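The FAD binding site annotation in TrEMBL covers THR54, THR55, VAL126, ASN134, ALA135, MET136, VAL137. According to TrEMBL, the domain 'Glucose-methanol-choline oxidoreductase N-terminal' annotation covers 46-335. What TrEMBL records for 408-543 is domain 'Glucose-methanol-choline oxidoreductase C-terminal'. The feature signal peptide is assigned by TrEMBL to 1-22.
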Amino acid sequence: MKLENSFLILILLFTIVSQCRGGFDSLENEFFKENGGEPNEIIVSDYCILGAGTTGSVLASKLADTGKGILLVEEGPWALDPGIWNAPNWSEWLRKTPDPVIIKIFNGKPQQSLNNRTLSSTRGKVIGGCNSVNAMVVMGGSSSDYQEISRLSENSYLTWENAKEALEDVQNHYSLYRLPNNRILFPEMRQALESLGYLYNNETLKNGRIRGSYNDRVYMMKFHPDTNNATRQTSFSQYVERDIVHKRNLRVLSGERAVKIHFTKRDGKLIVKGVLLENVGITKSTYVRIKKELIVSMGAIETPKWLQLNGIGDRNYIESIGIKSVLHSPEVGKGFREDMYCGYFGRPLSDKYKNTTIPHRSSVHDGFHVYGPPDNNSTKSTSSEYILNYDVAQQGFLCHFESTRMGSEGYIRITDKDRKKDPEISIDIMNNRENLLTYAKALKECRILEKKLVILGVLSNSTYGPSIPSDTESMGDYIEYIRNKASYASHPCCTVRMGGANSSSPIDSRFKLRGTENLRVIDASVLPSPVSGNPNIPLVVLATQAAKSIVDERVDF
């Protein structure tokens, strides 16, 4: 996306956001009196979506197709930093110059199972959300993932059959750049994989059975053959920006922090009447008068934090830190899950190849995605237990491995009513022996692949790699390596889970916060179970199907 286009959109959006003043009713006057006085601006909208990230952007676009008024609100700024869009230099930009204005890093509590190390999760605080700062990895998810989410949530929109339709829509919105699979050393890499029983899967999104397969690297970027360069694509750029001129009912605000929900009551249920915003740069407040629904799409860390700040959570705890309880919902913030990521740098190239130039075609990873373990038909699950980012690069063997669907759970919890303070994040992700062994098996498989490439003459048979400079095959050594090196993959989820009629989950099967009439949560926090792999595309599917659910329900007041 070119910067001049961004500025044009910014000017356009400024001109189409309607403003009105006055005409307050008694409930609004009372709310303003309790929250700093009359606002500087009033906006009226059918739907207000808080968070212009992966899910919020898709929801805004889909709901705008109904003709209803949609207001999309983002606390962060417009995505104008060239480093966001310059895909080949993404990794260097993020690692060397992380801009705190657009990138938020949340630190967790020390984890005993990881030798008391403190891990951090990186989140996007910018238009486009995490889509604007993530690795752009494309994984469609497995059919078992979707079926499990549908079963636990009792939401038929999320079945694999319905998800496949949404994945078709994804393909219509993104370019999905696939790295060519004819690179040097790929035949040898394939031979090593297939000797373990892995099968090549050419279908990136809709195969459904990822377990025991490997595929080419695919990214959410557009390749430009004239310059041999690529540009990042986000859910905002692909769903909102590209057709906002034709959706005059869709409005976007950036640099606006949601502060307070204005609740009223009817028939024993809370009704969202409006939401108060404050500008992050100047002293200015805005009240959004909501005609239909408020949708929270802030992500798996910010969403439970914001709900708790608004008095939604465990009543006793909320009131113990000086916040008036509005709705007793004790499971808000519980069930926190994260994927783990661990780098493995193996042996260098053999003498035969050490002077061979291996092109570096991506700022993230080249090579193959490998969804382990190899499928021996011992399970009906199509989901992977771990993922190998498998490559032979100029520096030698690389096999960075990720956990999926780790069993340990933690929590997200505010510690006082200061909304600028980060929440407490607690999980001991490797305290489960089964988790450790599964993750260690991923490292063991990396080592097996490395040895096979030594036999094939690709890697040195005399020089060890820097990660584990020995021939050890001890699971104990592998586990200790993981304890010292593993980090978060920055895929948090499941902190405000959705569930069926008999569930204690905070969110019902239609994404509504139980006890409210018109407040929905739609983001990674509502997942009742994690997906086996990068959640980027599955969250786009979630938002697409949630929008269908809302439209079919035809909520009106």
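Just so it is clear, glycine is given a Cβ too, placed from its N, Cα and C backbone atoms.
Per-residue confidence over the domain 'Glucose-methanol-choline oxidoreductase C-terminal' (408-543) averages out at a pLDDT of 95. Considering other CB atoms within 10 Å as the measure, the emptiest surroundings among the binding-site residues THR54, THR55, ASN134 are those of ASN134.
Residue with the densest Cβ environment among the binding-site residues VAL126, ALA135, MET136, VAL137: VAL126, by other Cβ atoms within 10 Å. Helix, strand and coil counts under DSSP for the domain 'Glucose-methanol-choline oxidoreductase C-terminal' (408-543) come to 45 helix, 19 strand, 72 coil.
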